[in-house]
Amino acid sequence: MFKVYSDFSPSGDQPEAIKKLVEGLQKGYRIQTLLGVTGSGKTFTMAKVVEKVGKPTLIISPNKTLAAQLYSEFKSFFPENKVEFFVSYYDYYQPEAYIPTRDLYIEKNADINEVIEKMRISAIKSIMTRKDVIVVASVSAIYNCGDPKDFSDLNFVLSVGQEIDLEGFLTHLARIGYERKEEVALGGTFRVKGDVIEIYPRYQDEGIRIELFGDEIDSIYTFDPLNRKILEKLDRVVIYPTKEFITTEEKIQRAVKSILKELEEQLEYFKKQGKHLEAERLKQRTMNDIELLTALGYCSGIENYSRHFDGRNPGDPPYSLLDYFGDDYLVFIDESHITIPQLRAMYRGDFSRKKNLVDYGFRLPCAYDNRPLKFEEFWNKVKNVIFVSATPGDFEINNSQQVVEQIIRPTGLVDPEVEVRPTQNQIDDLVNEIAKIRKRNERALVTVLTKKTAEKLAEYLIEMGIKALYIHSELDTIERVEVLKKLRRGDVEVVVGVNLLREGLDLPEVSLVAILDSDTEGFLRSETTLIQIIGRVARNINGKVIMYADKITPAMKKAIDETNRRRKIQIEYNKKHGITPKTIIKPLDEEIFKQFMTDEDEEKEEIKTIFELKESLSIEEYIALLEEEMYKAASELRYEDAARLRDELFNIREKLKNKSF
C-alpha cells in the first residue's frame, strides 16, 4: 500500500531500528521510542516503518516549521501515496479575552491562511476516503474539529446518467459550505451557466464541471481553473464539504434549543449572585448569536457552541483530527521531548483564558468545551505510538515497552568534541575560535542566557569585523528563518541567541557552537538542552562545542558523557566499515516555510494576555500563573518566553520584598 522512493537503502543503525520498531508493532507494543541522534536519518526510518506496517499514519510535530520540513520530506518519500498537512490556519491570531480591572473586552481577531485551510480540508477528505494516507500535523491535531459523521454524511455522489433536481442540488451545495459566485472562481465556490455547473472544491486544485441534458447528468470532467483545460473525463464524482465545521438544519434547531436552556440556567445563576450587568450582557450577546444561527446557520464564534451542535455533555472531549482516523492507525510524535509537554499544556492555557469570559458574561460555560483535548483524552485515543527524539523525556522512556537506539549516522559523521574552558577571557577566546572557522568558510552559533547579553555580544562581534546577528523573541518566525537562511548563505557568519533550538532546521555549515555560562543551573542549561545544542554541529565534519564554565554541573557531565558515548560508537563503526566522514550539505528548501510561519505570533499573544491578567488577579494568583506558564514554556524549549516570564516573576518578588505594592 505504501512505497518509499529513495536513492538510499537503510544503513548504519537504520536496518535494526526499522526491524525492531516493526516487530514491536506486530507484538502489540502500544508505546515505543526511537532514540535517534541528529543526522542519523530518523525521518527515513519512520518512512520505512510506515511502508512495512501499512497503516494510516499521523505524525505530530511541535511547530509549523518542523512540520513543514517533515511534510516536504515525506512527500518526496511517498510520491504515489497521499501525504497531507494539518496545522493552524491562522496568519494572525488574537484570542478573545476580557481584562476586568480595565473593563476591556478584546475581540477575537484572526486572519485565515486560505492555502493552509485548503490543506486541512484535503487532509480530512483523504483520511475519510483512503488508507494510504500520511498526515503531518502540529498540535492543532488535538484541537476542536468538526464531527466526522457530518463530513461523511453530507458528501454526495454524482454519476453520468443520474437525474437531479437542479434547485435541490444547488441548495445542498450551499448547505455544505459552497458559495455561489458567477464571476470569480475561488476555492469553496460554484457557478452555473446554462446547463453547466462548475464546482471549485477547497480540497483539490482541479475544478469539477458537470454538464446537464435536461435534468440528467450528461458528462463530468475535471479541469484546470486557470486555463480551463479539460483534465479528465469521469463516470462519477464525490463532492465533499468545503469547510471543517458543517452542520445540518436539524442540528441547528436542536443546538438553539440547547443553547437557550443553558442561557436560562446561567442567567438564573448570575441573578442569584447579584450579577445583573453580567446577566444582561450574556443575554444580549447570546440572543444575537441565536438570531444569526437561525437566519444564516452561522455566527461569529460559532465554535464556542460546538458542544450543543455535537450533542456532547459538559466536559466531554471535543472531536479532533484523531477521530477521523478510526481505530487502527499509527502515530509518530516527533521531537517528543518538546511535543509531549505542549500536548499537556494546551488545555490548561485555554481554560485560564476563557474563565474571565464566562465569569463576566461574555460567553456561556459551553465555551469551555470548545477546547483542545486534555492530555489524558489524547492518550486514550492513540493506540500505536512511536516517540521520536534525540533526547526523549522521562515520560517517553518510562512508558515505552521498547526504546530503540539509532546512534550510527550513515554519513559517518561523528558527534562533536566538547571542550570545557574557563570563563576568564571567554569573549577573546571565542573571537579567536570564530577566526579559525571563518578561514574554512564555516559558521558559528553562540548561545547566551539573556537577550541583553545577546545584543551586546552581537554588537561587539560586529565591531571586531565579524558578520553577526542575534535572534530574539521579538522576531517573528519568518524573520528568524530569514536569519538562518543568511547564515547558511554566508551573509551572516555568527548567530547569537538565547534559544537556538526552536527552528530545528539543518545547519550543516555550522562547525562551532559556543555555550556561555554553561555552569548556570536551570532550564536554559539542562541536560536535554545541552545535548540538543551540541547536536547543532553534528552535521559538520569539523563540529566542535565549547562550554565556557568554571565548574562542571551534573547536567554538563551527563551531556558530555552521552556525547562521548555516541562518538565512540560512531568512530568504531567507521573504522570497521572503512567510512570517511563527510559534511553533507543539503540545499535550503525555502518554499516549504513561506506559508507556515505563525506559531510564535500565537505564543506572543498568549504571553501578552498573561501579562494583562496582572490587574485582574491577586498577587498570589498572578505569581502562581507566571510560574506555571514559565515552566510550561521551558518544558517546550521556548526559552525566550520562559525568560520573559522569569523576569516578570523576579520583578514582582522584588517589589514584594521592598513592599512597593
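Heads up, residue numbers simply count up from 1 along the chain you see.
Just so it is clear, glycine is given a Cβ too, placed from its N, Cα and C backbone atoms.
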Motif 'Beta-hairpin' according to Swiss-Prot, located in which of 89-112, 137-160, 497-520: 89-112
Shell list (ATP; ref centroid = CB of Gly36, Val37, Thr38, Gly39, Ser40, Gly41, Lys42, Thr43; cutoff 8 A): Thr45, Ala390, Gln406, Arg409
For Thr43 (ATP binding site): intrachain residues, at least 6 apart, with Cβ closer than 8 Å: Leu70, Glu73, Phe74, Phe77
Secondary structure tally of the motif 'Beta-hairpin' (89-112) (DSSP, helix then strand then coil): 3 helix, 15 strand, 6 coil
Within the predicted model, mean pLDDT of the domain 'Helicase ATP-binding' (23-180): 90
Least buried by Cβ count (within 10 Å) of the binding-site residues Gly36, Gly39, Gly41: Gly39
Fewest other C-beta atoms within 10 angstroms, as judged across Thr38, Ser40, which are the binding-site residues: Thr38
